[in-house]
Every structure is written in C-alpha cells, then in structure tokens.
C-alpha cells in the first residue's frame, strides 16, 4: 500500500489518524454489545433529560421517525414505496394537500443531503422554518425522497443489507435510478405533468446529475432550487483529512470497509447525552469544514443534530473524494490505482450538466460555506437558466437550520417558484413575468423594467383593469422571434439545434439573462417576513405572504 503523505504529517495529524483507527475498533466492539444493553443506555439518556421532555426540541430529538416529528406540528405523513429499476426499495414521504379546495395543483419534491434522510427537512423547532410545512400551508403537494441505504430505504428484492453487494452504490446510482424513479412515481400518483424539485447539498448534486443524464426527466421538472448546492467542493479544511480524501479508494476502503460508513454513529446518537453529542458534532464540523455553526441556536442543535446522520455506503463517500481529487463533477471510477490518472488509457466521464439541463435553476448558497465554489459551479451549468442568491455569513447547515432561514431562504424559494411560474409568460412579448398576485406585494405601486436590448417595458398600476399590465412598443415586435427562440432554448424540453448561433446572438442572450437575474434579485428581496408562523398559530404561510 502506498502512503504518499506520512512523511509530512504533524503530531496533530497523527493523532487524527490514530483516532480514526480507534473509532474503527470501537465500532467493531459495539457490534458485540447486546441490543438490550444499548436500549438501557438510551433509556438512561432519555431519563436524564426527562425534565425537558415538554420542550419542542426534546420532542423532536426523541421522535424516532418523521411521522412523530410531523405529528408535533399536527401534520400527517404518508409512506410510499418506490421500486427502482435495479430493485432497491425506497421510501417517499408525502405531506398531502390539506384539501382539494386548498390544493394549488403544484407538486414539490425535496431531497436530502449526504449522510441524511427526509428527517432533516422537518426538525426546525419553529414551524414556519420547516420548508415542507410552509409549502403544505400554501397548498402544495409535498414529497420528500430518501436515498437507497438510509434509515428509510434499506431494502432490496434480492440483496440483503448485510451483504457487500447491497452497499455497492455511488452517486451514479442515485442519478440513474433513485431520483428519476422517485419523480416518475410521484407524477404517476399525483397525475400532474411536472414537479418542482428542491435539493439540499448532495441532494442538489444528485438532481444535477440526474437531469444531465435524461432529456426525458427535464420535461418533467418545472423548477429546480438547489440549497447549499454541492458539485465540485474546494476541499476539506483539515490537511490530513483532505489528503485522505484525495488518496486511493483502496486506502479509504482499508479505513472504512465496503459497507456502511461510520456505522457506530447511530449508536453514539442513541447513547451519548445530547449536550456531549452536539459538542462532538460541532468539533467534527470545525475540523473537517471550519464551520462554526454560530447561526444555529443551541436549542435548534438539540433537535437537528440528532437527525444529522443516516446510513450510506462507503462507496458514495469515495465517489465524493474522487470528485475532490479531480475537481470535476465526474462519474465513479472503479479503478483502485492511485496513479491511474497518469496510466489509464481512458477518461472518466463527467456529468454533462452544462449542456443537458433545460430547467430554470436557483442556487442559494452561504457566503462562508467552505463546500460551495459558486464560480466553478456556475461554469458547469447552463449560463442562461441559472440564477443565484448569496446568503451572507451563512454556512452549509445554516441554510436549513439557521435562525433566519425563514426570511433568508424559504421566502426566496417561494418567490422563485412564483417568478418562474409557466403561466406568467406573456404571449405577446415571450418574456417571463412575476405572478400578478406577488407583483402587487412589491413596495412601490409601479414596477418598471426596460429590456436592455429590446426596449420592452412592464408596468404595474394598482388602478389598472388587471393586476399586471404588459405594454410593449410595437416597433420592438420584430425582436420577438429572437426572444421566443431564447426562451425555448432555456426552458424547452428538447434539444434545440444551436449550430448556427453567432457571436451577436450569444451576447444578446447574455444580456437577457443578466436582466432576468437583476429582476429576480430585486424580486427576491421583496420577500415578506414569515416569523409570525409558529406551532400554535392557525395563520398559514399564504396569509402571511398576503398580509400587508
């Protein structure tokens, strides 16, 4: 075995290596402990915190499944089982519309990040900071996915979870099977034409990969919101861990085996006191990613950190390490040779995200998130359909559990969905417009945008005969064909032949996109405050948004 970095390690680095081995030994020992003894430790921990049983954070922490978590907020959840094309059985969690009268005919599909499950969407201690609940209040049909191998999806028709074969999957399988098969199932049940997709962290990467591999899937998604999107992370904060991440896959398998990564974490969740467990998580996040978690309240950590880990394969972690090493969003490389990039007679295929995705995309990223390289990411996505929002002083996990996630993230998600509502495209101008109901909420009584190249003006007056009045100069009608072609290219469901594109047209499209980005940014900044929503309030998110 080749160890390229041992001669460069500091004392601290050696300590980390030793701790990794100690964890492996402890993990092996824990497997020998009888289940009744583990249950006893868990009971002792729960007993020691019994004085706080009535707090919302303790109720969420101790809730064993998403059903109990949502029940705390008087929301019911359905289980749906999806059989993938390679015979894994996945669990989808659905929060159905309140009633047919409240259903807005829109379906949203949310997908979690690495080492997570659907629980992470529903563990905010304040109701209005749980994105699925806000969408539910607004009349959406909400679905939450789960990757193969996590706590809700550990079944296969002929591969037992104890076998190595069950855990032989990477991001490739998530993209080829889990995401598209889940979306197909949702469409079949709900009978709608398209879904709105929202991904967090690796969930975003899985969706980017899935959309890039299937033109058919592009036709079935209307919007995509990527929260804390991961694609080609810069690297890990700690030198030794970053070196390990970029080493041979065989070296990683030597550390962690070929099944579940860090299987002992589940036992630590159950047997450590919440205060100690949360401290361990904060220290690990600081070492690995330099995250300080100042935007997540201590009470919130009690609820959220208990839901932070769910099982996945070592191979999927190795896949991320290969991406870190190559700095390319590529498919998994099976070769075990550390120097194969110099000797292999082939190239590893990259996910064709820049050319094959035809969906409006919003990137919401933290300004101090060490895992997101937004400039590299935007270069790997279609320039004319991607918009981005930076949340200053926010890290990775802050975007779903931060104290201001409602106003800084959720409200902008809602605005983006409405801004790019397919029903808001003017037939006359072929320009995308915000929905009429939401334009009325803008601070000024008149909202005007003049197109930089075509002189198209859009005005909204409260006294007009309709909430939204679009006026276009007749002299600019000759440009509509160009606008129409551009919008078809961005939002079409089939490939458009662009072989005859000239430089002038590319410049025009770039200007159009910049104007759309400017309009969208201003629109997102008009988001209402959703703070008045809480677990005991009957006020819905819709009421809050419409309230002056």
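Glycine is treated like the rest: Cβ placed from N, Cα and C.
The feature N-acetylmethionine is assigned by Swiss-Prot to 1.
Per Swiss-Prot, transmembrane segment is recorded for 14-34, and the stated evidence type is sequence analysis.
Per Swiss-Prot, motif 'GXSXG' is recorded for 199-203, and the stated evidence type is a curator's inference. Sequence-distant contacts of the motif 'GXSXG' (199-203) (same chain, at least 6 residues past either end, Cβ-Cβ under 8 Å): 110-114, 116, 120-121, 145, 171, 224-230, 320, 371, 396, 399-400.
Residues within less than 8 Å, Cβ to Cβ, of residue 201 (active site, nucleophile) and separated from it by at least 6 positions along the same chain comprise 112, 113, 114, 116, 227, 228, 229, 230, 371, 396. In this structure, residue 201 (active site, nucleophile) belongs to neither helix nor strand by DSSP; it is coil. Annotation comment: Swiss-Prot describes 201 as active site, nucleophile.
The ubiquitin cross-link annotation in Swiss-Prot covers 246.
For residue 369 (active site, charge relay system), the same-chain residues lying six or more positions away in sequence with a CB closer than 8 A to its CB are 228, 394, 395, 396, 399. Summarising the annotation, Swiss-Prot assigns active site, charge relay system to 369 (among others).
Taken from Swiss-Prot, the feature active site, charge relay system covers 396 (among others), and the record attributes it to similarity to another entry. Annotation note: residue 396 (active site, charge relay system) sits in a coil segment as assigned by DSSP.
As annotated by Swiss-Prot, region 'Disordered' applies to 449-477 (among others).
Annotation source Swiss-Prot lists phosphoserine at 462 (among others), citing a large-scale study or a structure entry.
Per Swiss-Prot, phosphoserine is recorded for 466 (among others).
Here Swiss-Prot flags 496-516 (among others) as region 'Disordered'.
Annotation source Swiss-Prot lists compositional bias 'Basic and acidic residues' at 502-516.
The feature phosphoserine is assigned by Swiss-Prot to 521 (among others), with a large-scale study or a structure entry given as support. The C-beta environment of residue 521 (phosphoserine), restricted to residues of the same chain at least 6 apart in sequence and closer than 8 Å, consists of 387, 389.
The region 'Disordered' annotation in Swiss-Prot covers 528-548 (among others).
The phosphoserine annotation in Swiss-Prot covers 538 (among others) and is backed by a large-scale study or a structure entry.
Counting every protein chain shown, the number of other Cβ atoms lying within 10 Å of the Cβ of residue 396 (active site, charge relay system) is 24.
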